[in-house]
Structures are given as C-alpha cells and as structure tokens.
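Only one structure is covered here, and it is reproduced in the block below.
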Amino acid sequence: MESNQTWITEVILLGFQVDPALELFLFGFFLLFYSLTLMGNGIILGLIYLDSRLHTPMYVFLSHLAIVDMSYASSTVPKMLANLVMHKKVISFAPCILQTFLYLAFAITECLILVMMCYDRYVAICHPLQYTLIMNWRVCTVLASTCWIFSFLLALVHITLILRLPFCGPQKINHFFCQIMSVFKLACADTRLNQVVLFAGSAFILVGPLCLVLVSYLHILVAILRIQSGEGRRKAFSTCSSHLCVVGLFFGSAIVMYMAPKSSHSQERRKILSLFYSLFNPILNPLIYSLRNAEVKGALKRVLWKQRSM
C-alpha cells in the first residue's frame, strides 16, 4: 500500500438525503414501526412463555423467529433513527463492522428458522401420526441451535474476509446502515473474492432453502386436499398460507437485493429493499403469522383474563 494512504476510523452514513422536515417525519414514522415491531414480537414471546398450550414445536420456532426479528431490527434501526435527527451522521469503523456482522447473522438465522418452521408444518400435515416422534423437544432444540450457530459462523466468514481488506476510503456510505455491499466500496483493494463468496453464500442460504420450501409446500398442498374435514382443511390452509406469505416476502426481497444484477436497480431502490426486510418485515411476521392465529388469540385472552382476576 502506498505511504500516503490512511486508514479510515469513522464512516459517514448518507442515509436518505431528504429535506430536514421530511427527515423528522421519517423519524416519527420509523420510530412507530420499530416500537410496534418490539411490542408485537414481545407479546408473542410473552404469550408463548406464559401459556403452556403454546409449548409446541411450532411455537418454539415462532419464539425464535420473534427474537430474531427484534434483534434484526435493533441492529440497524436505532442508528438510523439517530442519524435522522443528528447533523453529523457518522459511525466509527469498528461499530460499523459489528453492525454488518450482526445484520448478516440475524438475516441468515431468519432464513433458516423459516425453513425449520416449514419443515415442522410439513411433518405435522404430511406425517401427523409420527409428528410427536419426529418433532420432539430434543430435535427442536438441535435444529434451532444449529440455525443460530451456523448463521453466526457464516457471518463471521464474511467479516473475516472483509477485515483482510485495506480500508483507506472513500469515507462515505450511501446507505442508512453499514450494509455489506456498501462496506466493500470503502476498501482500496480488489473485492471480487468477497463478492463471489457473498453471492455463493446468498445462493446457498436463499435459493436452496427456498426451493426446499416450495417442494415441501407442494407436498403439503396435496396432503391438505386429501383432508376430509372442511374445518381441518381450512385450518391447515390458514396456517400454511400465512407461513408461505412470510417466506415469500422475506426471501423474495433478499434475493432481489443480493443476487439480482447491479444494473437492475439503483442505490435508492436498494435502500428501500433493505428498509423493507429490516423494518417492515419484522412487524409483518407477528401480524401475518401469529396475531391472526386462533391459538395465539386464545392465549392472549387467557392471559388478560388471568391478570384481570388477580
């Protein structure tokens, strides 16, 4: 490296680059969504913990999804909110890399947890007689733990490759957080290896699991159509359609973000996609997948009735 090159110690997050009045509006809007994300997922966690009827594999995975969603949003949104009301929109380099690591780790964990939830529904509907044998507590614990451990290890691989690069500028990131592809642009060296590893990892984490999900749901659809009871068929369709909606929203936006050609969308559209699956998707999960669920509603009524009678 040339002697006149200097290592950057802080990064400027350009954010949304809008008028100050609009920044205040966005601050209030995003703060509301972030608060609802924490509240909605927190309610789900509390209900699953308090109500023994929800101590089933499906809701164990759902509790992990709620934790991931809260962590996922909290890795980026607080700094984004702070930058919307601060004149100096900077972040030190070490916290920037930490933010990249946490964001990647939680994103990968969410992908894998969604796949585990799909597997749980597949076993419940296609192999109902063996469900309690296949999806026992030991299996659920191993599957959930594997999701978390593998996700953080894969994120660590990306961060290790990033830290091998020399960072001497530019100092600005045209994003509202330290998104990994934006961090690549800070390096004053060839990042093709990083980009290849990121693309390969995205294909492995996004395309592969999504194909498994779609194949599983084809089997689930066939099994549902064979159910004789109309009520049972409606309940199965309701649960599975909710999960498929969540999977489609998350995987679809992530695939467009990380695997579509660069020329297909501008940096501003990339920010909107990032905003969707870092802020909007975590609030949609409890609404789509839980709060419309009769068992969750019943658990909420029981908890409120218990509190009222005390």
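Every residue gets a Cβ built from N, Cα and C, even glycine.
If you look up Swiss-Prot, you'll see 1-24 (among others) marked as topological domain 'Extracellular', on the strength of sequence analysis.
Among the features that Swiss-Prot reports, N-linked glycosylation site is placed at Asn4.
Residues or ranges marked as transmembrane segment by Swiss-Prot: 25-48 (among others). Taking Cβ pairs closer than 8 Å, the transmembrane segment (25-48) reaches residues 16, 18, 54-55, 59-60, 62-63, 66-67, 69-70, 73-74, 77-78, 80-81, 84-85, 279-280, 282-283, 285-287, 290-291, 296, 299-300, 303 in its own chain, all 6 or more past its ends.
Here the topological domain 'Cytoplasmic' (49-56) has long-range neighbours at 63, 295-296, 298-299, 302-303, meaning same-chain residues at least 6 beyond its ends whose C-beta is under 8 angstroms from one of its own. Taken from Swiss-Prot, the feature topological domain 'Cytoplasmic' applies to 49-56 (among others), supported by sequence analysis.
The transmembrane segment annotation in Swiss-Prot covers 57-78 (among others). Sequence-distant contacts of the transmembrane segment (57-78), counting only residues of its own chain at least 6 positions beyond either end whose CB sits under 8 Å from a CB of the stretch, comprise 30, 34, 37-38, 41-42, 44-45, 48-49, 99, 102-103, 106-107, 109-110, 113-114, 116-117, 120-121, 124, 135, 137, 139-140, 144, 147-148, 176-177, 278-279, 281-282, 285-286, 289-290.
Marked as topological domain 'Extracellular' by Swiss-Prot: 79-99 (among others). The DSSP breakdown of the topological domain 'Extracellular' (79-99) into helical (H, G, I), extended (E, B) and coil residues amounts to 14 helix, 3 strand, 4 coil.
Over all protein chains present, the Cβ of Cys188 (disulfide bond) has 16 other Cβ atoms lying within 10 Å. Under the three-state DSSP scheme, Cys188 (disulfide bond) falls in the coil class. Taken from Swiss-Prot, the feature disulfide bond applies to Cys96-Cys188, supported by sequence analysis.
Long-range contacts of the transmembrane segment (100-119) within the same chain, counting only residues at least 6 positions beyond its ends with a Cβ under 8 Å from a Cβ of the stretch, are 58, 61-62, 64-65, 68-69, 71-72, 75-76, 143-144, 146-148, 150-152, 154-156, 158-159, 162, 177-180, 183, 205-206, 209, 212-213, 216-217, 243, 246-247, 250-251, 254, 277-278. According to Swiss-Prot, the transmembrane segment annotation covers 100-119 (among others).
Below 8 angstroms of C-beta separation, residues 57-58, 61, 216, 219-220, 223-224, 236, 239-240, 243 of the same chain, each at least six residues beyond the ends of the topological domain 'Cytoplasmic' (120-138), sit close to that stretch. If you look up Swiss-Prot, you'll see 120-138 (among others) marked as topological domain 'Cytoplasmic'.
Residues annotated as transmembrane segment in Swiss-Prot: 139-157 (among others). Counting residues 6+ beyond its ends, the transmembrane segment (139-157) has Cβ neighbours under 8 Å at 57, 60-61, 64, 101-102, 104-106, 108-109, 112-113, 116, 119, 197, 201, 205 in the same chain.
Residues in the topological domain 'Extracellular' (158-194) partition by DSSP class (helix H, G, I; strand E, B; coil) as 14 helix, 4 strand, 19 coil. Residues or ranges marked as topological domain 'Extracellular' by Swiss-Prot: 158-194 (among others).
As annotated by Swiss-Prot, transmembrane segment applies to 195-218 (among others), with the evidence given as sequence analysis. Residues 108, 111-112, 114-115, 118-119, 121-122, 154, 157-158, 161, 180-181, 184, 240, 244, 247, 251, 254-255, 258-259 of the same chain sit 6 or more residues outside the transmembrane segment (195-218) yet have a Cβ under 8 Å from a Cβ within it.
Marked as topological domain 'Cytoplasmic' by Swiss-Prot: 219-235 (among others). Residues 121-122, 125-126 of the same chain sit 6 or more residues outside the topological domain 'Cytoplasmic' (219-235) yet have a Cβ under 8 Å from a Cβ within it.
Same-chain neighbours of the transmembrane segment (236-258): 107, 110-111, 114, 117-118, 121, 125, 181, 198-199, 202, 206-207, 209-210, 213, 217, 220, 224, 227, 265, 270, 273-274, 276-277, 281, 284-285, 288-289, 292-293, counting only residues six or more beyond its ends whose CB sits under 8 Å from a CB of the stretch. Residues or ranges marked as transmembrane segment by Swiss-Prot on the basis of sequence analysis: 236-258 (among others).
Per Swiss-Prot, the feature topological domain 'Extracellular' maps to 259-271 (among others); the stated evidence is sequence analysis.
Annotation comment: Swiss-Prot describes 272-291 (among others) as transmembrane segment, evidence class sequence analysis.
Here the topological domain 'Cytoplasmic' (292-310) returns a mean pLDDT of 72 for the predicted model. Cβ neighbour count for Cys96 (disulfide bond): 23 (other Cβ atoms within 10 Å of its Cβ, all protein chains included). In the topological domain 'Cytoplasmic' (219-235), helix, strand and coil residues by DSSP number 13 helix, 0 strand, 4 coil.
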